[in-house]
Amino acid sequence: MNNDILHRYIFDNADVRGEIVQLESSYQEVLSAHIYPVALQALIGELLAATSLLTATIKFSGDISVQLQGDGPVSLAVINGNNKQVLRGVARWNGDIAADASLQQMFGKGYMVITLTPDEGERYQGIVSLDHVNLAACLEEYFNQSEQLPTQIQLFANGKQAAGMLLQVLPAKSGNNDDFEHLSALTSTIKAEELFTLDAEQVLHRLYHQEEVRLFDPVDVTFKCSCSRDRSAAAIKTLPQTEVEEILAEEGKIEMDCEYCTAKYSFDAIDIAALYSGSHSSQSQQ
């Protein structure tokens, strides 16, 4: 049974919707690729949960990228996913990072870029500065700018588990936001330990036991890297053939490493010759 799931829920007595995501296996898969500092482990967990919530909220078919960049010790943290809740991620850092480092201490002067690439239609990109207190507040600002919908986000991660909640006024509903303010106040009382140990139904009962809540069927969230030998070969082929041949002469082979999952793809002289002759096969050995 998959222990990484996202639930949507809606209030029958208010024009408000919500989501809850709880992650463990996919989170550990992302962390296993590199030995991340403690603070960065937590940030990656929050970013995973956030991307899952965003993907479920912004109804579209295609790919999503949530990327943080800055001039601090952490230069990049990115989660890529799609509407099927398949996620992968990686971060780059340099130097020591305190275990309790804040978002600004990790990224310095930075920004968040959310990119939606639908299967059909034009790509959309939204940018928010990282000058808010935490990642959740940055995402709330994104929704304020892009959709102008009152939104509350809660994110938690501890290096082992990650979880998040999203509460939002339904699109096309306007006027009195008293219901949202009331439900937002209830949601803000959630504790990390509750999201890590209780199932979605128990969490919603604890928060909203006096409300009329409908919980929808869960959606699995999974880690899967999209790297492949064919993609690595295509990347090599973008280089001038003379440059590739020089590397081969010096190294005897060309190795491509995936940052996301640490898979290695090796190409020897025979592979490279086949690649440029058009007879390259993805069945070659890694």
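In case you wondered, yes, glycine gets a Cβ from its N, Cα and C as well.
For C225-C227, C258-C261, the entry in Swiss-Prot reads disulfide bond, with the evidence type sequence analysis.
Feature annotations (Swiss-Prot) mapped to structure.
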residue : record         : CB count, 10 Å
C225    : disulfide bond : 20
C227    : disulfide bond : 18
C258    : disulfide bond : 18
C261    : disulfide bond : 17
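Straight-line distance linking the Cα atoms of C225 (disulfide bond) and C261 (disulfide bond), rounded to a whole number, equals 7 Å. In three-state terms derived from DSSP, C258 (disulfide bond) belongs to neither a helical nor a strand segment and is classed as coil. Rounded to the nearest whole angstrom, the C-alpha distance between C261 (disulfide bond) and C227 (disulfide bond) is 8.
Across the structure, C227 (disulfide bond) and C258 (disulfide bond) place their CA atoms 7 angstrom apart.
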